[in-house]
Amino acid sequence: MKFRRIAAFLPFCFLLLISGAVYAQTKKAATKNPAAKAPAKAGAGKGTKRVPGKSTARGRKKKVISSPPTARSRKLTSAFVASSQLRPMAQQLTATRSPIAYAGVQAYANSHNGEASAAAWLAMGHAYMLDKRFSDAYNAFRQAAQRGEALDDYADYLGAQAALQGGRGTDAYALLENFAQRHPESIFVPNAPVILANGYLQQNDPQGALRVLSSLTGTAQASHADFRFAQAKAWQLAGNTNQAAAMYRSIYTLLPLSYEATQARVQLQAMGTPLTATEHKVHADQLYNAKRYSEAADEYHSIQHDATLSPGDRDALDIYAAVCDLKLKRLSKREAESLPQTDDDSAALKLYLLAELARSSDDRGQHSSLVTQLTQRYPRSRWTEESLYSAGNMYLLKHEYGTAAGYYSQLVSMFPRSTYGPSSHWRAGWLSYRTRNYSEAARLMDEQIQRYPTGIETPSALYWRGRVYEEQEHNLSQAANYYRTLSDSFPNYYYALLARQRLDILGKQPVVTPAAPLASVRAPDVPELIDTLPENDTHLIKARLLANAGLNEYIAPEIQASPTSSTWGTLAQAEIYTSYGEYVRALQAMKRSGASYFAYSVDDVPQMYWKLLFPTPYWNELTASASRNSLDPYLVASLIRQESEFNPGAVSRANAYGLMQMLPSVGKSLAKRDGIGKFSTNDLLQPATSLRLGTIYLRQTIDRFGGQVEYALAAYNAGDTPVRQWMSTNDYRDMAEFVESIPYTETREYVQAILRNREMYRAIYGSGQRTSSVSAAK
């Protein structure tokens, strides 16, 4: 066996993890709405100051999907209305599962009839399942089924799950047999046979399990891990060990991150059927890709004991395990140097590891030598590509811009199709600008626009090329062309805001033919965005009913089951989540939609989309706290949107708490100074306390940096020390140049996003003058 040929290097997504990390370092990285009078990610793109733009030539598109009501839709709507008062109680029960919450929903169930009572029993069954009280859950689901029909498929399916979990397989049979015939439109139809098969397996009836699983042959469900495991288990119990072993192997290698993969390995061991070294290797690689580095390292090491391996295979595995150790920050230089010498791509990997360790110890001579060896000996290796990107990042952080630009340019030259290509090319151009090599910067920026017209760096390139035209070449008309193209094509990006400021400064300029690179820029088409939901769609009504019962995890799958949901599903999910205060889920649903909202004019998108993208929960408390500290409330809202997505219970990996993500030590200090007695860390999870203390801290941060919001936001994300180090170079011509020069990707995008989003809040909710703290002027 030749591991060096079978998998001598890790999959490419495996490789993106080490070298780019430094440039992309991370720190931890309900009340009334505002402006009642108003009408009812992060890349480098940012916001606007005016209501961004009149409607463009692209126009606003609407698509309305409607259908007449049916008997089924009327019945579901009636159930939704009947149980509407249950929603806050059910949501509290799902969130807390406290005795008081259980008692409240129980009382509601007992005091209501029909669908309202059924929804309450369903809510209790769901909560009992979460608390692993399976017998109580089963009984509650049976009560739900007896009292109403609107969610009877949920009562049956979840009841069957409760029965199986409680060891009552025979009770599950009646609920799942002929499930598809009784509930043909249920989202559980594909998986019901799997649950039923597990019931048969629980009763030691493999033939019954195989019979029901056969109905899924050839369907999408047959590729899922739970189906495959149930089928393998049935074959195993039926004595067909060869088929069982083959399926267990398939699960382990093809679905390595599933729960069933771990169980498949256990079953293979019990059968005395060991996995091959290659199968272990495939599994280890995928663990690494999923950033489960410790497990991957253990697997790589365990494979080395396989007697079928050649010495070369063992050597390669040693090096793969060392990559895991580097990610876990436990690889020493001595250990890396002692790694075996190989004659394949793992030799390049060893050089790369040594280069990374040299970088960490700031041994520049050794680092440079190792990168040179990689480029000369392994010019096509992915590890050479990684080393060049890492080297560029290293010197970028050290403010040695010429050296950094050289490495970035070399990467683009040697690996023109690299996923690092667009960002490396941009950095080379930007660093040329920073070193005042304006002619080279201009060439590279125009090249950026033409080579990567859809790249996230294109707005930056358009803006800064415009600045070169304006300030170095004194071609104000062409500068205006670049600014206008940027504003028109990416109207709600950060750099569009700055471009409009430059246009205001330039005033009216003579019209000249746009430079050739501008022909490459294409504004994205505005998608068909509906502003009216299909109220008679049964899946939509059912999703709203599920929210009444607190079955929140089923809202999205229920909506997605509608054949027309691709056009309205995101909006429906976000509206439902918002209706019970789940602003985080609503915002995340909108972000996951894939629409490039910031590339559209405000007028091109229905207002409800903007309000879901830029919510205003806790607005009374927010504005009061902002006012006490002389802060723009829209700046505070924008910061919260970036920090916690309005999740008051957010706790980061860096141990920051609450809406404004404050460290407990900072919160305690501010609470004492502000007269809050008996403060505890959990107080930061209370919106009012987080807003009260967070706005004080933001005000203090702005004051520490002389009132400059950009510096303060950078410090809020990265800390004071790095920001003061960046400021100490004192070679920034204006604040825009400082922001683009922030070497931490997270912090740079964080600052730009907050400034953009502040302007979006102003545009959506009405108000406001252009802030003086975002300045493109010299």
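Heads up, the Cβ atoms here are built off N, Cα and C, so glycines get one too.
Taken straight from TrEMBL:
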- 1-24: signal peptide (SIGNAL)
- 33-72: region 'Disordered' (REGION)
- 33-43: compositional bias 'Low complexity' (COMPBIAS)
- 47-64: compositional bias 'Basic residues' (COMPBIAS)
- 118-151: repeat 'TPR' (REPEAT)
- 385-418: repeat 'TPR' (REPEAT)
- 385-506: domain 'Outer membrane lipoprotein BamD-like' (DOMAIN)
- 625-735: domain 'Transglycosylase SLT' (DOMAIN)
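Over the domain 'Transglycosylase SLT' (625-735), the average per-residue pLDDT in this prediction is 96. Nonlocal intrachain contacts for the repeat 'TPR' (118-151), taken as residues 6+ away from its ends with a CB within less than 8 angstroms of a stretch CB, comprise 75-76, 79-80, 82-83, 86, 89-90, 93-94, 97, 101-102, 105-106, 108-109, 112, 158-159, 161-163, 165-166, 168, 171, 542, 545-546, 548-551.
Across the repeat 'TPR' (385-418), the DSSP tally of helix, strand and coil residues reads 27 helix, 0 strand, 7 coil. As a summary of secondary structure, the repeat 'TPR' (118-151) carries 27 helix, 0 strand, 7 coil according to DSSP. In terms of DSSP secondary structure, the domain 'Transglycosylase SLT' (625-735) contains 68 helix, 3 strand, 40 coil.
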